[in-house]
Amino acid sequence: MNECYYDKRMDFFYNRTKTATADEWTGAQLIGVLCFGTFFCLFIFISNSLVIAAVVKNKRFHFPFYYLLANLAAADFFAGIAYVFLMFNTGPMSKRLTVKDWFLRQGLLDTSLTASLVNLLVIAVERHMSIMRMKIHSNLTKKRVTFLIISVWAIAIFMGAVPTLGWNCLCDITACSSLAPIYSRSYLVFWSVLNLVIFFIMVVVYVRIYMYVQRKTNVLSSHTSGSISRRRTPVKLMKTVMTVLGAFVVCWTPGLVVLLLDGLNCTDCGIQNVKRWFLLLALLNSVMNPIIYSYKDDEMWATMKRMICCSSEDKSQERRSSRIPSTVLCRSTDTSGHYIEDGIIQGTICGKGDLGDKGNS
């Protein structure tokens, strides 16, 4: 029967796996990492708090897409908390941690990253459902959106707790990985492959959305006179999709590949030299998400600026504003719902009947 090592401190596992850790994170390097991490954590907290507050405050954002967007911001906010915990439990502190403390540290990271990833997938599916049905907004009710949000966090918490629940190497020390010295290599393979598969699904979903809108635009262009806004619509969509996918590829893929190599016990891959930088790169996704999903939306940006300037919402000024809200903000007076043709033909301008009074938008 294998011996279990629940009572050991982390220095036992780091030394056994010959993992170069904490001793390198001293002096100026440790201070630099803490300063760098603190800056990005503050940005994560502030920017994602503004996104959540904007969705709550502005009634134009009371749609399924924006509820999911707020949940994504909450996941990124949680990632900032996880990273703060990591910063104060890394370097010389790593080897002094107990097994439970180390599981907590990694569990917070796994939970936050999984929550962000699954939420991105749900947003992609929601957009696909809406556009393929030629509607600006999906038919998701608040109850269904609430169920989806709860499901996202349930999956994230479960994935973060899986190693603690037993999928670890504490009773089979020969199966320990080098990057995560009390995680089983089989778990790292499972976790990295699962996330890469989710990434592939997201790519397929967004490619289908882009191809559909491009095809629809070409059909409508042959029946309508050309306009600048219509010609720019496919380009705008392509840029948005490529920004989302590009950010995910850059921030997530390197770290997932490194985890996969470690799970496959690649001893000559030099993964120890890049692990900490790829972790920081993955966490940058929480910094980039508010920019990609929120700041490009004029109405969202205007709402956040008003909150930053501590000015109360002036509805009359909002009606006179010359800023053009994004397509997803359009509200229809027709109970049958919006159709995507309006958004394609007019770009980011709402179709007839949108927002009650088109002239005041």
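Glycine is treated like the rest: Cβ placed from N, Cα and C.
No curator has checked TrEMBL annotations; they are predicted automatically.
Residues or ranges marked as transmembrane segment in TrEMBL: 30-53 (among others). Non-local neighbours of the transmembrane segment (30-53) in the same chain are 69-70, 73-74, 76-77, 79-80, 83-84, 87, 90-92, 276, 280, 283-284, 286-287, 289-291, 293-294, 300, 304, 307-308; each lies 6+ residues outside the stretch with a CB under 8 Å from one of its CB atoms.
Per TrEMBL, domain 'G-protein coupled receptors family 1 profile' is recorded for 47-293.
What TrEMBL lists as transmembrane segment is 65-88 (among others). Sequence-distant contacts of the transmembrane segment (65-88), counting only residues of its own chain at least 6 positions beyond either end whose CB sits under 8 Å from a CB of the stretch, comprise 33-34, 37-38, 40-41, 44-45, 48-49, 51-52, 55-56, 104-105, 108-109, 111-113, 115-116, 119-120, 122-123, 126-127, 130, 137-138, 142, 145, 148-149, 152, 156, 283, 285-287, 289-290, 293-294, 328.
The transmembrane segment annotation in TrEMBL covers 108-125 (among others). Sequence-distant neighbours of the transmembrane segment (108-125) (same chain, 6+ residues past either end, Cβ-Cβ under 8 Å): 65, 68-69, 71-72, 75-76, 78-79, 81-83, 85-86, 148, 152-153, 155-157, 159-161, 163, 191, 195, 198-199, 201-202, 205-206, 244, 248, 252, 282, 285-286, 289, 293.
According to TrEMBL, the feature transmembrane segment maps to 145-167 (among others).
Outside the transmembrane segment (187-207) by six or more residues, the chain places 110, 114, 117-118, 120-121, 124-125, 127-128, 159, 162-163, 167-168, 177, 179-180, 241, 244-245, 248-249, 252-253, 256-257, 259-260, 262-264 with a CB less than 8 A from a CB of the stretch. Annotation source TrEMBL lists transmembrane segment at 187-207 (among others).
TrEMBL lists 240-261 (among others) with the feature transmembrane segment.
Taken from TrEMBL, the feature transmembrane segment covers 277-295 (among others). Residues 36-37, 40, 43-44, 47-48, 50-51, 54, 69, 72-73, 75-76, 79-80, 83, 112-113, 116, 123, 240, 243-244, 247-248, 250-252, 254-255, 258, 301, 304 of the same chain, all 6+ positions outside the transmembrane segment (277-295), place their C-beta atoms under 8 angstroms from a C-beta of that stretch.
Same-chain residues lying 6 or more positions outside the transmembrane segment (145-167) and placing a CB less than 8 Å from one of its CB atoms are 64, 67-68, 71, 75, 103, 106-112, 114-115, 118-119, 122, 182-184, 186-187, 191.
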